Amino acid sequence: VRVLNGKTKEHLCFLDKVEPYSTIGDIKSLFHKSYPHWYPARQALSLDPKDKSLRDEDILQNLPVGTTATMYFRDLGPQIGWTMVFLAECIGPLLTYLLFYFRVPYIYSHRYALTSSPHQVVRLACACHTCHYMKKLIETIFVHRFSHGTMPLRTIVRNCSYYWGCSAWLAYYINHPLYTPPSYGELQVNYALFIFMMCELGNFSIHLTLNNLRAEGSRCRRFPAPTKNPFTWLFFFVSCPNYTYEVGAWMSFSIMTQCLPVALYTLLGFLQMAIWAKGKHRAYSREFKDYPSVRMAIIPLVL
């Protein structure tokens, strides 16, 4: 296997005696021995500089190459593990929101420093927001299995800026001394709180189902299907019910707080999750010939 620089076409190394059944991951490990500073997660290999990167599980003999394969290397830059990515994206909003809830000095007028809101909905909103991100942290540590090992460091900086900034934006208005409770009072708050809790349970159930879909170390792929858990029955209608429940949780949080920034954040989240869901839906449909045609991506019978 001959490895060239994808930009300059400069010869980097020649990997001798590579077995036909070797994977791209194996080739990356061999390349790493020649260039220790380019660890496997930082490497992208392709058969043409303009092609998509090959997957680590691709087998050399299944690729359109001869006895000598030429691959083009691209440096992906510093990487960070997905577990750390999710921890950073969740811990930040969790702590940021609490700073506003406890009204630390210099956020609002000094006379409100370290005071508490007289409105029960503000306390409920803090509890819901905290539980939401605590659930995400627990899922990150004990539930999720990540198909991709790392994320570029520059991407996590951008993502954390978004999540942390939006959390501060929401928290500023919900915990503001001039905040006014929802128009329909406790009735609106209680109904929204119930829907929020149901959506959080549903989201957690879907993540458990996805975790159990494939045994650790197994390469056998199956598409997700409903189980005996009623929360998973949404799989009958959508490919990504975890996103459906996530959007539902934020919609109910918007109704409970009756706060415009929360509604705008929910809309932005829905647009992004709809893109992800449609991508996964297309991937399932291409990969599995018996994939249910009635399923939509994120909204039953609509989208």
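The backbone N, Cα and C atoms fix where each Cβ goes, glycine too.
Quick look at what TrEMBL lists:
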DOMAIN    1-75  domain 'TECR-like N-terminal'
TRANSMEM  80-102  transmembrane segment
DOMAIN    150-303  domain '3-oxo-5-alpha-steroid 4-dehydrogenase C-terminal'
TRANSMEM  161-179  transmembrane segment
TRANSMEM  191-210  transmembrane segment
TRANSMEM  231-249  transmembrane segment
TRANSMEM  255-277  transmembrane segment
Two-stretch contact, the transmembrane segment (191-210) and the transmembrane segment (80-102), at least three Cβ pairs under 8 Å: no
Three-state composition of the domain 'TECR-like N-terminal' (1-75), taking helix and strand from DSSP: 17 helix, 20 strand, 38 coil
Taken over the domain 'TECR-like N-terminal' (1-75), the model's mean pLDDT: 87
